[in-house]
Amino acid sequence: MDQKVRQFEVCTQDGSVDRHGNPAIRANTGKWLTAILILVNQGLATLAFFGVGVNLVLFLTRVMGQDNAEAANNVSKWTGTVYIFSLLGAFLSDSYWGRYKTCAIFQASFVAGLMMLSLSTGALLLEPSGCGVEDSPCKPHSTFKTVLFYLSVYLIALGYGGYQPNIATFGADQFDAEDSVEGHSKIAFFSYFYLALNLGSLFSNTVLGYFEDQGEWPLGFWASAGSAFAGLVLFLIGTPKYRHFTPRESPWSRFCQVLVAATRKAKIDVHHEELNLYDSETQYTGDKKILHTKGFRFLDRAAIVTPDDEAEKVESGSKYDPWRLCSVTQVEEVKCVLRLLPIWLCTILYSVVFTQMASLFVVQGAAMKTNIKNFRIPASSMSSFDILSVAFFIFAYRRFLDPLFARLNKTERNKGLTELQRMGIGLVIAIMAMISAGIVEIHRLKNKEPESATSISSSSTLSIFWQVPQYMLIGASEVFMYVGQLEFFNSQAPTGLKSFASALCMASISLGNYVSSLLVSIVMKISTTDDVPGWIPENLNKGHLERFYFLLAGLTAADFVVYLICAKWYKYIKSEASFSESVTEEEEV
């Protein structure tokens, strides 16, 4: 008994294992030692990815000879593919490889793609020498060179996309949620993870973006490749210390089993209180049984034990057919996914607001006064204020706001804002950001430059620094929305679908891009007439961009109302004590 108690004390209680498959020793594995390696790895990988992505549209026009529309379309396809590959990485991780192996394999693919791009750019694509700048585009390329280029960038998309949803979850795996101290660190990890992501993109958007804009493409790409390689080395260094969760049966099979079993028993009445529900006694160490809930009652049929199930069990030996009878926990896992979907759908419109920072905010800034004496401020570099805002609000929330909310919360002791509350605050701040952008546009139009006889001006004498508040507000909203979303999906997703939950966060950004493009197209089609060029014309001084911003503010406000209803309806997972905890309690008795 004493030996079992000592083993329980020195090992993690959440079922994590070391690289040999043995229960992870708390003192020798995980915690901030490995988490910091993962955070630095994330920062370096993000730097490498955005070192390619931030100016890819310029590379396509200046080096590959594409026009603006074709280049923008290809960048959209490439970005969308990244998020598709994130779902692939999540599937392989949750079902077969586990998070560590998935991260290592996709990071190696990421490095290979970057090195291929760097080599091909310097040796083959920059012809004649000195081309690739605004005034000196490169000559047309052969089919072989074009195929090699696309193979490189899509290998980068595969590597980064497959790696990204797993690394956040793998970092959280380094902390034992069953331990009070480590559980708090696990929650904090997501904030620092998002901060590392933003700091990596800050360097890409400023330093690397500047050199690439000047035609130093090989320098920018080799810097990205070196950063990704350094990140991979750091990740592998931590191998002996990492904590792992071994993938068991495919979570998708478990999901489908519930649907099939419930369909087979469609005629059973589930509305009476006395139900003979099956709760499997087979339990992996660290797993928790999820308590039965009354929502989605039609799925409860999958867990009802019928005489046919008993007969099949006798015939087969000692096991029920999993495609006819599922445990309560298995059914509740499916319910968890169904409850998450409405919350996830409400985050898509927020992503529409977020994507304006890389599109219409840049267009608006380019039509403002961007010069300070002889120095010209690139409109895209204003996103640095968003990154600085993210860093500030992450620090402020963790150090000041969270403890303050915890003291003010009278219902739950030592509990700050819930993830759902924080996501709601993020939506409210996003509304404020759109209103701020609309007000700036009104003032920009009031200070627009007059058209001359020889040129048509689309600029304004209003300084680009008037955009700082809207970028700062977007950064603040990210801290509440995206960090809260990462924590929420990680804590509420079933054990076997943690990586898939992280991939959903990335997918909401991707869908936000598509919805934004669709919304712009609809607005332009409706607002454009023979005499009116529409709200967002090429010459912004003849349009009404502020109306589009206010439209987004209104749509986000409506989305916030729907979100409140969904958040009120949502039921958090309620679990029994973990298997390891149950063993300890029995020993104490």
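For all residues, glycine too, the Cβ spot is worked out from N, Cα and C.
Taken from TrEMBL as is:
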TRANSMEM  32-60  transmembrane segment
TRANSMEM  80-97  transmembrane segment
TRANSMEM  104-126  transmembrane segment
TRANSMEM  146-163  transmembrane segment
TRANSMEM  192-211  transmembrane segment
TRANSMEM  217-238  transmembrane segment
TRANSMEM  340-362  transmembrane segment
TRANSMEM  382-401  transmembrane segment
TRANSMEM  422-444  transmembrane segment
TRANSMEM  464-483  transmembrane segment
TRANSMEM  504-528  transmembrane segment
TRANSMEM  548-566  transmembrane segment
Selected stretch (most C-beta pairs under 8 A with the transmembrane segment (217-238)) from 32-60, 104-126, 192-211, 382-401: 32-60
Please check if the transmembrane segment (32-60) comes into contact with the transmembrane segment (104-126), where contact means 3 or more CB pairs closer than 8 Å and the residues in each pair are separated by 6 or more positions. yes
Residue list, the transmembrane segment (464-483) vs rest of chain: Cβ under 8 Å, 6 or more residues beyond ends. 190-191, 194, 347, 350, 353-354, 357, 361, 364-365, 368-370, 377, 379, 382-383, 385-390, 392-394, 397, 422-423, 425-427, 429-430, 432-434, 436-437, 440, 443-444, 505
Per the definition of 3+ C-beta pairs under 8 A with sequence separation of 6 or more, do the transmembrane segment (422-444) and the transmembrane segment (340-362) touch? yes
Positions on the same chain near the transmembrane segment (192-211), where near means CB under 8 A and six or more residues out: 35, 38-40, 42-51, 53-55, 168, 171, 219-220, 223-224, 378, 380-381, 383-384, 386-387, 390-391, 394, 478-479, 482-483, 486
In contact by Cβ distance (the transmembrane segment (340-362), the transmembrane segment (382-401); 3 or more pairs under 8 Å): yes
By Cβ distance under 8 Å, which residues at least 6 away from the ends of the transmembrane segment (340-362) in the same chain are close to it? 379-380, 382-383, 386, 420, 423, 426-427, 430, 433-434, 437, 467, 470-471, 474, 477-478, 481, 485, 488-489, 492-493, 501, 504-505, 508-509, 511-513, 515-516, 519, 536, 545, 548-549, 552, 555-556, 559, 562-563, 566-567, 569-570
